């Protein structure tokens, strides 16, 4: 019994690690596209991945939860929610961006950025919930 649990834990660790690697790569590529190709401010890259990640995690959590239509293993849930979304989203970059704005004399914009990003991320999560609930019907 103990060996089975250890094997299951190893599967979860691998799932989270693989998902996190993919999520981090997607975050990097998203930021690169937004800054290098579109010429936008790096704040848009941080905002984009946090908003998209909020939608994905709620959408997937609702579809694969107890009343969800999709039956997936715990490893798949961890791959998507803990790994992919965890690697994609970035609270630390949002914090850094906010403090850099304050340090450069843009405190009002920093507050607007922070409040706006939290609002939009929560709104995206709500849209993910609504979309998944419609599929679950």
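Counting starts with 1 at the first residue shown.
Placed from the backbone N, Cα and C atoms, the Cβ positions cover glycine too.
What Swiss-Prot records for 86, 89 is Na(+) binding site, and it gives sequence analysis as the kind of evidence. Secondary structure from DSSP puts residue 86 (Na(+) binding site) in a helix.
Within its own chain, the transmembrane segment (20-40) is flanked in space by residues 46, 48-49, 52-53, 82-90, which lie at least six positions past its ends and keep a Cβ under 8 Å from the stretch. What Swiss-Prot records for 20-40 (among others) is transmembrane segment.
The transmembrane segment annotation in Swiss-Prot covers 43-63 (among others) and is backed by sequence analysis.
What Swiss-Prot records for 83-103 (among others) is transmembrane segment, and it gives sequence analysis as the kind of evidence.
If you look up Swiss-Prot, you'll see 110-130 (among others) marked as transmembrane segment, on the strength of sequence analysis.
Of the listed binding-site residues 86, 89, the Cβ environment within 10 Å is emptiest of other Cβ atoms at 86.
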